[in-house]
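Asks: Straight out of Swiss-Prot:
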type: BINDING; residues: His83, His182; note: heme b b562 binding site
type: BINDING; residues: His97, His196; note: heme b b566 binding site
type: BINDING; residues: His201; note: ubiquinone binding site
type: TRANSMEM; residues: 33-53; note: transmembrane segment
type: TRANSMEM; residues: 77-98; note: transmembrane segment
type: TRANSMEM; residues: 113-133; note: transmembrane segment
type: TRANSMEM; residues: 178-198; note: transmembrane segment
type: TRANSMEM; residues: 226-246; note: transmembrane segment
type: TRANSMEM; residues: 288-308; note: transmembrane segment
type: TRANSMEM; residues: 320-340; note: transmembrane segment
type: TRANSMEM; residues: 347-367; note: transmembrane segment
Amino acid sequence: MTNIRKSHPLMKIINNSFIDLPAPSNISSWWNFGSLLGICLALQILTGLFLAMHYTSDTATAFNSVTHICRDVNYGWVLRYLHANGASMFFICLYLHVGRGLYYGSYLYAETWNIGVILLFAVMATAFMGYVLPWGQMSFWGATVITNLLSAIPYIGTNLVEWIWGGFSVDKATLTRFFAFHFLLPFVISAMVMVHLLFLHETGSNNPTGIPSNMDMIPFHPYYTIKDILGLLLMITALLVLVFFSPDMXGDPDNYMPANPLNTPPXIKPEWYFLFAYAILRSIPNKLGGVLALVLSILILIITPXLHTSKQRSMTFRPLSQCLFWLLVADLLTLTWIGGQPVEHPYVIIGQLASILYFSIIXILMPLTSFAENHLLKW
């Protein structure tokens, strides 16, 4: 008798995706982040669903409903802080996942990579809209500043912003639609994740050497399921420590004040995971230029497969490219720090230099270094 796991139409899909899936025998812990992201997404949808049961998307009651969740709902505070800090874990895993892809040349699986970049945009949009929902000071002013950037688009900008706002300022209509989209988008993201995996399973996983591993594959279960569970336990531990010991570490104190359109906070800044992009936006004095740089800072990932000039896929055996990669990481950390600082000397010039370096490394220095390494191989 055939095993039901291999014969049942639905079980067969699960089996071929998570159990009998052939995986390279040498993939390291950097390959754990895909499964961690899946668990982060499930956690966010689950906690978000329970929060939505108690939340009201009305300007008059939104702030109070969040307070009510924290004070009156059974374990509502756990739900809220799991959701808020779960987003931070989500972005940590996302950035490490993308970094892994850049380091090991996984971007050469163009379809998987491009869906991944679209996913990154979708997750960032969802997180931004979620940050608006508690309707605190930073929520309101963050929404105002970021949506206002669209007014830089020539000709249609102003109309577009008012259309998104549903009026002449960020108000009740804006909050309601942001809640609707914040609820809807994670399900769209889930569907896109399936497409992401579909494309990945067409080619199979890359590995640290960047050499095809077709002749040396092992089943995903039990080897990588056990390995993923270890990563999961470490992530859950970190998340729970954050939630129970320092739940407001990543938040902004201003967001504990109800939104007031008549009082602008002294420094408007987004959550930490958007600070690098915010720093790039602020480093350009021109409004449209800043918006373009902001979008391009993420969109540049789309063209990385076309910028790959090396004869080797992975950076494992390319020391010069490795130096550039870690310079890029240091540059992104610098941008993240600058994004949280006030707009004054010396932060402005540091931000501008870091922004120039960011685009230079990806678009100019990486391809040139790879080209040089190809010639060094001949010596």
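Any Cβ shown, glycine's included, is placed from N, Cα and C.
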Asks: Considering only the binding-site residues His97, His196, His201, which residue has the minimal Cα-Cα separation from His182 (heme b b562 binding site)?
Replies: His196
Asks: Do the transmembrane segment (178-198) and the transmembrane segment (226-246) share at least 3 Cβ pairs under 8 Å, sequence separation 6 or more?
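Replies: When sequence-distant Cβ pairs are counted, the transmembrane segment (226-246) does not touch the transmembrane segment (178-198), since fewer than 3 lie under 8 Å.
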Asks: If you count the C-beta atoms lying within 10 Å of each candidate's C-beta, which of the binding-site residues His83, His97, His196, His201 ends up with the smallest number?
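Replies: Ranked by other Cβ atoms within 10 Å, the binding-site residues His83, His97, His196, His201 bottom out at His201.
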Asks: Pop the Cα-Cα gap between His83 (heme b b562 binding site) and His196 (heme b b566 binding site) into the table, whole Å please.
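Replies: Taking the Cα atoms only, His196 (heme b b566 binding site) lies 24 Å from His83 (heme b b562 binding site).
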Asks: Considering only Cβ pairs within less than 8 angstroms, which of the stretches 77-98, 113-133, 226-246 has the most against the transmembrane segment (288-308)?
Replies: 113-133
Asks: The transmembrane segment (226-246) and the transmembrane segment (113-133): do they have three or more Cβ pairs under 8 Å, with pairs 6 or more apart in sequence?
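Replies: When sequence-distant Cβ pairs are counted, the transmembrane segment (226-246) does not touch the transmembrane segment (113-133), since fewer than 3 lie under 8 Å.
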Asks: Between the stretches 33-53, 77-98, 320-340, which wins on the count of C-beta pairs under 8 angstroms to the transmembrane segment (226-246)?
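Replies: Answer is 77-98, with the largest number of Cβ pairs below 8 Å.
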Asks: Using the alpha carbons only, what distance in Å do you get between His83 (heme b b562 binding site) and His97 (heme b b566 binding site) once rounded?
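Replies: A Cα-Cα distance of 20 Å.
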Asks: Tell me, how many other CB atoms lie within 10 A of the CB of His182 (heme b b562 binding site), whichever protein chain they belong to?
Replies: 21
Asks: Using C-alpha atoms only, work out the spacing between the residue listed as 'ubiquinone binding site' and His97 (heme b b566 binding site) and round it to an integer in Å.
Replies: 17
